[in-house]
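S.K.: The following block contains the structure, expressed as structure tokens.
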Amino acid sequence: MERVRDVSELPKAHLHLHFTGSMRPTTLLELADKHGVRLPETLTEALGRGESPKLRATDERGWFRFQRLYDAARSCLQTPEDIQRLVREAAEEDLRDGSGWLEIQVDPTSYAPRLGGLIPALEIILDAVETTVRDTGIGMRVLVAANRMKHPLDARTLARLAVRYAERGVVGFGLSNDERRGMARDFDRAFAIARDGGLLSAPHGGELTGPASVRDCLDDLEADRIGHGVRAAEDPRLLKRLADRQVTCEVCPASNVALGVYEKPEDVPLRRLFEAGVPMALGADDPLLFGSRLAAQYEIAREHHGFTDAELAELARQSVRGSAAPEEVKGKLLAGVDDWLVA
């Protein structure tokens, strides 16, 4: 009988974790009380029961409800101390799940009004990351993400800012929010600015919309990675293209089910992507709202898709290779994966 190893001890990289969505439920409730923020009852009741709220974002009404909960949680982050707490706790949760490298995704414009402006907000976040790296030992960097529901000119401003802070811990540029709003090509100039500044291109695509949105990310934004990308499984030619170019898809199985992209964990096409040779980096997306963190995604691959420990190890390797980690860090993590397999 094959030995079943603990996936929380498997060294890995975490490439798809949103800033506010990384918060512990207990932290959210404490910060809401601290700042006098009244959270939606659906959120407080679910978290009070130790559950995640019931979500489904496959239509605009469902997405609006999801965004409302997310915005309410974000409103509880009001001081540099709140930011530091969130970043440190996100790192602690990742370390507990075996992550040695975390790229946390944030749109600093969302925090600017409470933190003194756009530049102070990003600097506070980067300072928190630097302190957390020093205190915990985790490798951690920031991916700055534009909001596709805002004007493309805003994205260009954000891209320039991201490049300016590339030496302070920004490693990539993304595009998030509802894929059904705004065309990828509208943001091509922002991504060109980011690429010219040496940042990874990691836009969202292939989650709420089909394979066409993944193609748009490749064609218009020259994506190095795709946030989600799971709907590429519906197009064999696109799968081959992703595999040939070794574009990493940041697949978030629990999130896909929670938002109604797929009905059940076994419906998420992990096996199809894996066998097509598409690199994947499993991610937790928004644990606050979806109720599961990084190691749980590997458990889904094992329990619902029959991934062996050797295959789980390869998933971990793919996450490391797809990261912006320095080669020395990648080498250490990859060696750790090999050790996990022979232990």
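Just so you know, glycine gets a Cβ as well, placed from its N, Cα and C.
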S.K.: Of Asp107, Asp285, Asp309, which does Swiss-Prot put in the Zn(2+) site with His16, His18, His204?
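M.R.: My reading of Swiss-Prot gives Asp285 as the candidate in that site.
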S.K.: So if I draw a 10 Å sphere around the Cβ of His204 (Zn(2+) binding site), how many other Cβ atoms end up inside it?
M.R.: 27
S.K.: To the nearest Å, how far is the Cα of Glu207 (active site, proton donor) from the Cα of Asp285 (Zn(2+) binding site)?
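M.R.: Checking the Cα atoms of Glu207 (active site, proton donor) and Asp285 (Zn(2+) binding site) gives a distance of 12 Å.
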S.K.: Measuring Cα to Cα, tell me the gap between His204 (Zn(2+) binding site) and Asp286 (substrate binding site) in whole angstrom.
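M.R.: It is 14 Å, counting Cα to Cα.
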S.K.: An 8 Å radius from the center of the His16, His18, His204, Asp285 Cβ atoms defines the neighbourhood of the Zn(2+) site; name the other residues of that chain inside it, in order.
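M.R.: Sorted by sequence, the hits are Leu17, Gly21, Gln105, Ser176, Gly227, His228, Glu250, Cys252, Ser255, Gly283, Asp286.
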S.K.: Counting Cβ atoms within 10 Å of each candidate's own Cβ, which of the recorded positions His16, His18, His228 comes out highest?
M.R.: His16
S.K.: Applying a 10 Å Cβ distance cut-off over all chains shown, what neighbour count does Asp286 (substrate binding site) have?
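M.R.: A 10 Å sphere around the Cβ of Asp286 (substrate binding site) contains 27 other Cβ atoms.
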